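A short write-up of the structure that comes next.
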Amino acid sequence: MATPGKRKADSDVGHSKKTALDLEEPGCGKRGSLLPPPSRAMLSGFVEGSIVRITMENFLTYDTCEVIPGPNLNMIVGANGTGKSSIVCAICLGLAGKPSFIGRVDKVGFYVKRGCAKGSIEIELFKTSGNVIITREIDVLKNQSSWFIDKKSATQKAVEEQVAALNIQVGNLCQFLPQDKVGEFAKLSRVELLEATEKSIGPPEMHKFHCELKNYREKEKHLQIACKEKSDYLEKLKQTNERHKQDVERYYECKRHLDLIEMLEAKRPWVEYENVRQQYEEVKQNREQMKEELKKLKETQGPLTQKIQEYERQRRQLDNQVRIKNNDIRDTSCKCKEKQDALERREKQIEEAKHAFRVKRDEEDNRLQRISNTRKMIDDWQSEIESIGSCENLQPQIDSLNEDLKQVHEEKSAIDVEINERLKEIENLKKDKETITARIVCLDNLLNQREEKLRMRYRDTHDAVMWLRKNKQRFKKTVFEPIVLMIHVKDYKNAKYIENHIPSNDLRSFVFESQEDMEYFLKEMRDNHKLKVNAVCIPSIVYANRVPTRSLNDLKKYGLFSYLRELFDAPQFVMSYLCYQHHVHDVPVGTEKTRAIIEQVIHETKLKQIYTAQEKYVVKTSIYSNDIISSNTHLKTAQFLTFTVNVQERRQLEDQDKEIIKKFQTLDIELTVFREKIKHLEHRDNEFRNKKKDLQDRKTKKNQLEQKIGSKLDSLKLIEHRTYNLEEEEQKTNAKIKEINAQKAKLVSELLKLIKTCTMLNVRKVDLVLELATEGYEKNKLEREYKTTISNLRQLEQQYNVFGEKKRRLLEKCKELMKKARHVCNLGPDQSIPQEYQTAFQDLPNTVEEIDSLLAEEKTRASCFTGLNASVVEDYKKRAQEIQQLTEELELKTNELDNYRQTISKVKERWLNPLKNLVEQINEKFGSFFSSMQCAGEVDLHTENEEDYDKYGIRIRVKFRSSTQLHELTSSHQSGGERSVSTMLYLMALQELNRCPFRVVDEINQGMDPANERRVFEMVVNTACKETTSQYFLITPKLLQNLTYSEKMTVLFVYNGPCMLEPKKYNLKAFLRRRRRIGVSRMDQ
């Protein structure tokens, strides 16, 4: 039942519309929509929490409307736009649901009818103790709601508690599935689906037990970690004490060594004192003996001194005589040296005379040889001149060759000019090519930016693109990468129109020319690579060049400047698909001018879609009233296509690049030809130059030879005039040598006399030296004896003084050691050594060396005990106490952990067994429904680890073709129709097990093929109309013919149109009276 209502179209259109709901029950005919509130008798069959009545005022499409559903299946039927989903929104928002549960807008104020400041929803829920009426008033300006329970003001929390008490969960997709959330059901994770199912059909304690298990499991993990940490720490302490146990023992052993060291250090000063005292007595005795020896030694020194003085006087006399003889020998030696030098000079003069003669003889031989060589050279040059012949005819030949060379140079210059022009042209082409290449790279970088954006947002699609680029050979026909990479917007400012018009799923779809290729690609991506990708197949007819329904010239007056197709470039097949699927060839784009006159544009152009500068307008015509309904949305900012690439420019650049390459090739060929010509001319030039050089060489060579011959004849005359008389020169040389030899004989006679005198002087000197040596020896012997005596005397004096000093030091040291020994033993000046020290000293060594050796040994042993102190023992005792305390705490934690595990085991048994039974029942129903459709479906409880209760989930697996395997229901693997069928059958499987008071499913049959839709409808009717099931709302815009209906179902029709009565004029009683009269009159007839 429903009261008639009305709604107005968007304010931009300005035409009013009216709507109404009528109720028809199969087998009962039509009833009026204004009925009195349902009585108690009429409420039989309702379960606790079922919806008895829904009243809406100024809500979405309705001014006022009242809906009275039945207790079982309620099917709400009406055309698109009449207000079916408005009833779903009212149920959700009226029962404290959030706008996000519906999936439309996020503010509740948007659900109030446009132009109204307030709206309200009132829902009456069945309750055996008395129905509950929940009212929600919505304030648009404040975007706030006021709540009432049974007409009394209440808080939202109180309403939520009341709704929860009746087990109503509008946020649970297993109970409440609005139109915009149908697709999200397949996106539910296994865990989310299990939670939704528990809340929907499980006993109230089931979800509670599940939550407790998750909490218990979390606490168990914490306890396990705490026990492990304490156990590890306890073990660490035990190991530490075990390691330090030896240190404690070493500490006590070290202390024993230190005590012995202390006693040794106490005895050592006494031993030292005794040793020093004995040394003092010994030194005192030795000093007295040395005093007597000194006295005897001083008495023997006088006679030795007199003998030494006598020997010294004789030695001086002999020394003077030796010095006189040395002077005589020196004078005689100098005279001998002078005679020897004179002899050497005479010998040198003889050698110089002989050498001068040899030089003159050699010069004469060389002169004769040069004369012979010069004459031979002159003869050879005269023979060469005769062989050259006459040179009178060479100049004409040289002039002819000069002319040929000039001609060759002119030809080379002309070719060089041509080559330079070609090189300049090549350099210019290189610069042009670099500019073009840089521009192409820049354009390619823009494409790479778009590809990187795709990788960041849709990683699966990007991975599929990479795979396709490597495996294109696997496909029979053309495969295009995602449309977003194929489209190139001519102006980046227009990118927002393209991205707002083409859905995101299509923008990242791969485009296939072959259906077979597309199926292979999807199977490869989804099954083998587990990638979520989209793919489309191009239409069989080419749509890329389709003509718009309206000429653009006719639309320019409205500010419409282009169709979408003209704003971008794309391959022909991609453009064909976009024209076919999204009509880009027939959707115009306008400016702010278009926005200003949008109502005029809509009514005059009859366009279905229009873009202005910032908005998109969608225009529909009502199938009932033919009125125009328009809606507008704000354009979103473009994300991908802002990286625009001018494809025409890139193609032009590529063409220019190819043209430059062709020019390069042509110029290379021309340069090769020119270089060959240059090479040929250079060869000719070399030939002419060689010929010219030969002629010039012949001409100049004869003149050079004649000049050389003249020069050599002159030098020959000079050589012939220079001559020596060798016989005369030889006689002069022999006479000079004879004279020098006579001088040498005289010098030798004088030298022999001097040598004899020198020998006699040396003999006398030797005798004197021997006497001097004898005297010196005797004197030295006495001096040594005297020095020995003096040395011994001094040594004895030093020793005497040393013993005296040593005696003094030993006396002081005795006093110091006595004082030190008493101080070490803490004794006063008059106290004797205590008995305990005497007893201990008896067991210790009696020498300093033995004490020092033992002391060093003990110190070495004590030094081995490094790092030990009294705190080691103290820490050892503290750790022992801490080990005992930790052992007790670990035992308590272990007992607590065991208790938790027992509790978990009990709660798990109370939760898991009923859950498994529940899932088995769902699986049985779900599998039965699928079997009736010649398909297969399974529902099971899935988990990776039995102890991870937060990872338990329900897995739905289906297959719609016998040739395939069961696949898990996901948002990417199955088609939209398959997901709808699976979702509907799962909800139907829950229906008989359901403990929730009602279930709402909005337009889930959209996308189903007729056969599946008919089967699913029959299952819904059979399941929802049983005695044990709860209330069910099924919203649909259309129905198939000849469907099976049940008498227990309620059908609510939603009408709209300009001929509908105002709600206040709709009198149900008058309508019933009239209906009875018409029925009676027909019976009479």
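Each residue, glycine too, has its Cβ placed from N, Cα and C.
Taken from TrEMBL, the feature region 'Disordered' applies to 1-35.
For 7-21, the entry in TrEMBL reads compositional bias 'Basic and acidic residues'.
Per TrEMBL, the feature domain 'RecF/RecN/SMC N-terminal' maps to 51-1037.
Annotated coiled coil per TrEMBL: 227-363 (among others), in sequence order.
Across the residues of the coiled coil (391-439), the predicted structure has a mean pLDDT of 78. Taken from TrEMBL, the feature coiled coil applies to 391-439 (among others).
Here TrEMBL flags 678-746 (among others) as coiled coil.
Annotation comment: TrEMBL describes 779-813 (among others) as coiled coil.
Annotated coiled coil per TrEMBL: 873-910 (among others), in sequence order.
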Which stretch from 227-363, 391-439, 678-746, 779-813 shares the most C-beta pairs under 8 Å with the coiled coil (873-910)?
227-363
Which stretch from 227-363, 678-746, 779-813 shares the most C-beta pairs under 8 Å with the coiled coil (391-439)?
678-746
Who are the chain neighbours of the coiled coil (779-813) in space, where the CB to CB distance is under 8 Å and they lie at least 6 residues beyond its ends?
276, 279-280, 283-284, 286-287, 290-291, 293-294, 297-298, 300-301, 304-305, 307-308, 311-312, 315
